[in-house]
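Straight from Swiss-Prot, the features:
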DOMAIN    4-118  domain 'MTTase N-terminal'
BINDING   13, 49, 83  [4Fe-4S] cluster 1 binding site
DOMAIN    142-388  domain 'Radical SAM core'
BINDING   156, 160, 163  [4Fe-4S] cluster 2 binding site
DOMAIN    390-453  domain 'TRAM'
């Protein structure tokens, strides 16, 4: 029997990249062969993102393109994985696809694929699991990479009114910490230089033996048996002292002093925190069901700067949320002016089916107003990024070389501890080397320097 080939196309966040690596491992172990060529695949899997309307439209367009490429070949399976799976539960209404699998059901993919080719059984699985973290699966990663994603938890309990994640990925469940440590050590032996610990809300990580976090009862277990994020972060730092460690994403409501002190203590933990604020308006934060106020957020920012003075800060900002007015928008700009983030991810709000905002709030800010406000936010962030980057000029930064610059093949690019991109002449080094670079120039997006010997 000829072994079937599968092709995976990935959209969305770093978690989706990690999930695609898990799916590749599951399929490889069942005898399927991965290909990077869509046209030679029997199985085409699209790992989807539904965080914004624009993402979904892009994916649906891509599926139509794939259908055109394969024509009417009924022997090719097209499957949807990830966050859009919940939208395709009634597969009979969607002639574009043959298979639908949600984030907690990836172990079932081989059987579902076999069902399709045998023309029997089910081609869909979107149920949530109370325990699934794929802790026993070593992801099938691309060769010659130096950075690896390590998922430490799945799902989210925060129920922000704008966010679809609890409905697409389920509730919070944390992975066995000892499987995380084992994977990190494995990656070090394989030659990886950096790991990124992933979760929808890493600071909410809590291991007490497994299961949903919302089922946890503090009185039923000894405190020393509990491993929270600060303890996990320290365990990882100690276990792989020669690897760089990053993590994302954090929620301001859950970040503790203990986490900050661990970041400060260990040199191999990068001095960068991604701390989404979403809005600088308390009124909008309340409508979003964020558990922090603007004042809480500023106190946390001040604490970070006090404990880790050179810590780089980034955030997510949503503009044009339901009922947002000019005063709310200006308060967001004011917060940005106070923090002066190194960089930010900035988006226009779009209604997500299934969320509280979709059901109960009106998306009443015009698109033109959203676009204008987003432009103002982006322009201000560019000013702040340039301001932050200027401060690096004259300094010597420890850089991990990540690749060749896309703008000049004679230059490498890499990142410092603060996650800032740095470009510099190649010389006699290679991708994966740690080097020192003296910064002599910058733009709002990039630091420019020379190798310092």
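Using the three backbone atoms N, Cα and C, a Cβ is placed for every residue, glycine included.
This view paints the features noted in Swiss-Prot onto the structure.
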residue : record                          : CB count, 10 Å
13      : [4Fe-4S] cluster 1 binding site : 20
49      : [4Fe-4S] cluster 1 binding site : 21
83      : [4Fe-4S] cluster 1 binding site : 28
156     : [4Fe-4S] cluster 2 binding site : 23
160     : [4Fe-4S] cluster 2 binding site : 21
163     : [4Fe-4S] cluster 2 binding site : 22
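In the three-state DSSP assignment, the secondary structure recorded for residue 83 ([4Fe-4S] cluster 1 binding site) is coil. In this structure the C-alpha atoms belonging to residue 156 ([4Fe-4S] cluster 2 binding site) and residue 49 ([4Fe-4S] cluster 1 binding site) are separated by 16 Å. Other than 156, 160, 163, the residues of this chain whose Cβ falls within 8 Å of the Cβ centroid of the [4Fe-4S] cluster 2 site are, in sequence order, 158, 159, 162, 164, 165, 166, 200.
The two recorded residues, residue 49 ([4Fe-4S] cluster 1 binding site) and residue 160 ([4Fe-4S] cluster 2 binding site), show a Cα separation of 17 Å. Counting in whole angstrom, residue 13 ([4Fe-4S] cluster 1 binding site) lies 18 from residue 160 ([4Fe-4S] cluster 2 binding site) by their C-alpha atoms. The record gives 13, 49, 83 for [4Fe-4S] cluster 1. Within 8 Å of the mean position of their Cβ atoms, the other Cβ atoms in that chain belong to 11, 12, 15, 16, 48, 50, 51, 55, 82, 168. Helix, strand and coil counts under DSSP for the domain 'MTTase N-terminal' (4-118) come to 57 helix, 23 strand, 35 coil.
Put simply, residue 83 ([4Fe-4S] cluster 1 binding site) is 16 Å from residue 160 ([4Fe-4S] cluster 2 binding site) when counted between their Cα atoms. Averaged across the domain 'MTTase N-terminal' (4-118), pLDDT in this predicted model comes to 88.
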